[in-house]
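Feature annotations, courtesy of TrEMBL:
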TRANSMEM  B:25-44  transmembrane segment
TRANSMEM  B:64-86  transmembrane segment
TRANSMEM  B:93-111  transmembrane segment
TRANSMEM  B:123-142  transmembrane segment
TRANSMEM  B:149-169  transmembrane segment
TRANSMEM  B:175-198  transmembrane segment
TRANSMEM  B:205-223  transmembrane segment
TRANSMEM  B:261-278  transmembrane segment
TRANSMEM  B:308-327  transmembrane segment
TRANSMEM  B:339-366  transmembrane segment
Amino acid sequence: MSDSTATTEAPAEPPAPDTEGDEAKPNFIRLFGRYLTEANSVMVTIYSLVLAFLIGAILLIVSDEYTRSTFSYFFARPQDAWYASRDLVAESYTALFEGAILNFNTLASYQAGDAEFGNLLRPISETLTYATPLIFTGLAVGLAFRAGLFNIGAQGQLIFGMMGALIVGFTLDLPIWLHLPLAIIAGGLAGGLLGAVPGVLKAATGAHEVISSIMLNNIAALFLVWALGTAFLHSETQSDLVSKPVEESAVLPTLLSSLNPSLRVNLALIIGFAAAVFTWWLLSKSTFGFRIRAVGFNEHAAATAGMRIGSTYTTTMAAAGAFAGLGGAALALGVANGGITTNTALDYGFSGITVALLGRANPGGIVASALLFGALKAGALSAQPDVPVDISTLLQATIVLFIAAPALVKAILHLRTPRGGLVTLEAKGW
Amino acid sequence: MAVDTAPAPALVDDRAPARHVKAGAAYAVLGLLLVLAAVAWLGGRTTTIAFDRTLTDASWEAPTFGVVLGLGVLCAAAGAWMLVGLPQRRFKPASAVAVTAFALALLFWAYSQEGTVFRAESILAGALFLSMPYIFGALSGVVCERSGVINIGIEAQFLMGAFTGVLTANITGNIYAGMAAAMVAGSLSTMLLALLATKYQVNQVVVGVILNLLALGFTSFMYDQLKKADGFNDAFSVPVISWGPLADIPVLGPVLFQQKLFVYVGLLLVFVIWFLLYRTRWGLRTRAVGEHPAAADSMGVNVNRLRYWNVTAAGLIAGFGGAWFTLGNSLAFNKNMTAGLGFVALAVMIVGRWNPLGVLAGALIFGFTTQIARDLSAAGSGVPGEFLQMLPYAVTLVVVAGLIGKAKAPAADGVPYNPGDK
């Protein structure tokens, strides 16, 4: 109500120019305040982050033995519990920040002249390195989302992509301008093939993609364990479960190692950005993207309009799998070019789900949330074992729980409903 | 069934012979392949079957060649009968015979290798025990989905139950307190799903997947935090309940009367939930809410309240199933120890067609597959262990692909109900 009065007042103002500034100012503040207390998608995202970090802080306090012990005499000396909790949370989150963005110790020694500029960039480089596969898996989940498909299988597709790129990477001996693209494409193809399976199954039999893709994840993970043990893939120099290294000509060049050899971020990041731009073009400018969105909005209407639903499912899932496969190639030819292990894939595929949900299945949003979760991952990995490494998974899942349930955020914080309603993501049932 | 088809005898005559070309050809080919395999590879081999727990010195050696050949011929014959044409009412029994013969033949074949013994009692008892997570998970799914809420988060309830169960057992020193805490933890997890699905009308598939990630992150995080101190994650074992003389009956004794509490609770729950769903007022209302919430609403059922409490209660079952992973197996908690079995349980629910008795049958098949895979990889068969471990997942994939079009989910499954929308 007051919103409509605000807009009708504005054109009535001009006759009195000297009061305009005075009138516009409270208006702006009021509008801004309105914006802050409204459950629109920007504010829901911000509040989700805040709430998730609050919950993370509570869990840190509850699960830390020393801090818990200070609560046992809370009523005798509450300040102990307060200081211990505050310090614990501050130290943990600072450790995450230092591992992800900027290390204050390095900054101090840089200012004192003891460290190079490259050292200062190391946390950022790690963040970008961990964000790179997340961009790809986020796109893999996000693209499928636009067709109404929930692709949980990015993990398996990433593993297959890793193996595809690896095999081309060490079997062939070609110049780099040919070898590297071939290896990357092989990764995309391998991921795309595995990704197409749930699409085909859904199109042909109606099998739900959530179940079939999670089964393929398990199968792919076990297949990798088996494949790494075979003479074809297994390293010739190491006895533990490591693959052969890829040829020098298939290694993704690093971007910043001239500044400092420890800066690992490589060309895959640029390819990831390009993939996001391509996805944006695909979804908003191409016929295929139009079909994807039409099927995602209403498959019956799309079928009535003459679109083939089954083949859209298959091609969308194949394209999604190809993105995750490219993420696998980025790993096998990038950070893990000395040989992949069962641990190389981490949980990039599953994190891709959270990336896509936080990015609301938009390419730009996916890149932004991949950077955020890459930062979380880099921070958590550098802060362990002081901070449990799974704090990144926990925070991610908590954030996207709120993102997926804007009504919950709205209820907790007593926000207003925005004019267009709450924005949510949908996936179909059986 | 017979009463249902009787009014239309002219349309469907279940005595008239009919051909089933696809199924018949498939069974005939499979049977012939078995015959060929027997002739080519299995001459002179034997399969040893032992009753290893009750009659320790008795074992039975079967000639693999003859058995596989016979079963192959049986399978092929069933296929041939379908090709020629058989009465409609004989089709299902004939299919069952063909499938069973084929599976049995594979079993005899697998256990014909040197050094492998089919320890019938251990394997069957183990299979029943291993089917328990599927039973608990799928029953929880049945209660949720019969009320119209899709629960993809069974994995989450498993993890929460497994973690909380062992943690509480460690703190209190009592395994039964651990089991109770596991149930509560599972229930808290589904309560969140119930709240989001009913009050906030959030997409249930999305929330379920997020719940899985949340439970994985939470339990892994707590595992790392509590690992720093001793005495939070030690393994506890649940006693085996032996029913005195009944436990000495060959085969039946070790399988049914010498198991842990989880098995008895699981089997009991199957029948209790079946009874509740199909023979009580609560069951009728639950099914109505899952099929046609608007109709149930107009008859005075509070749809969202019933859904909320059903889903919350279903979490108790899945949480107890979670305790099976740690307390039931005498294991400490480990990160992601449920390894996707919550999703396999969903497949079992689909195989069981959202019916507790069907769930029991499906869970037994999956438990048996898992047990055989474990036993064969321990015995060192020619197949790599990783492929045997893939078996339950591959079976799930095939089953979901093969059945879901035919198995009908409750009509309002996964559709939020808003009383204002009618």
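Glycine is no exception: its Cβ is also placed from the backbone N, Cα and C atoms.
TrEMBL annotations: computationally assigned, not manually curated.
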Counting CB pairs under 8 Å, which listed stretch among B:25-44, B:64-86, B:175-198, B:261-278, B:308-327 touches the transmembrane segment (B:123-142) the most?
B:308-327
Return yes if the transmembrane segment (B:205-223) and the transmembrane segment (B:149-169) have at least 3 CB pairs under 8 Å (sequence gap of 6 or more), otherwise no.
yes
Near the transmembrane segment (B:339-366), which residues from the same chain, at least 6 beyond its ends, have a CB less than 8 A from one of its CBs?
127-128, 131-142, 145-146, 152-158, 212, 267, 269-271, 273-274, 277, 318, 321, 392-393, 395-396, 399-400, 403-404, 407-410
The transmembrane segment (B:93-111) and the transmembrane segment (B:149-169): do they have three or more Cβ pairs under 8 Å, with pairs 6 or more apart in sequence?
no
Taking the transmembrane segment (B:93-111) as the first stretch and the transmembrane segment (B:25-44) as the second, find out whether 3 or more Cβ pairs fall under 8 Å, excluding pairs closer than 6 in sequence.
yes
Using a Cβ cut-off under 8 Å, which residues of the same chain at least 6 positions beyond either end of the transmembrane segment (B:175-198) come close to it?
140, 144, 149, 151, 153, 156-158, 160-169, 204, 207-208, 211, 215, 236-238, 304-305, 307-309, 311-323, 327, 416-417
Let me spell it out: take the transmembrane segment (B:308-327), skip the flanking residues so only those 6+ beyond its ends count, and list any with a Cβ under 8 Å from a Cβ in it.
132-133, 135-137, 139-141, 143-144, 146-147, 149, 151, 154, 157-166, 169, 175, 178-179, 182-191, 193-195, 197-199, 235-238, 262, 265, 269, 286, 333, 337-338, 342, 345
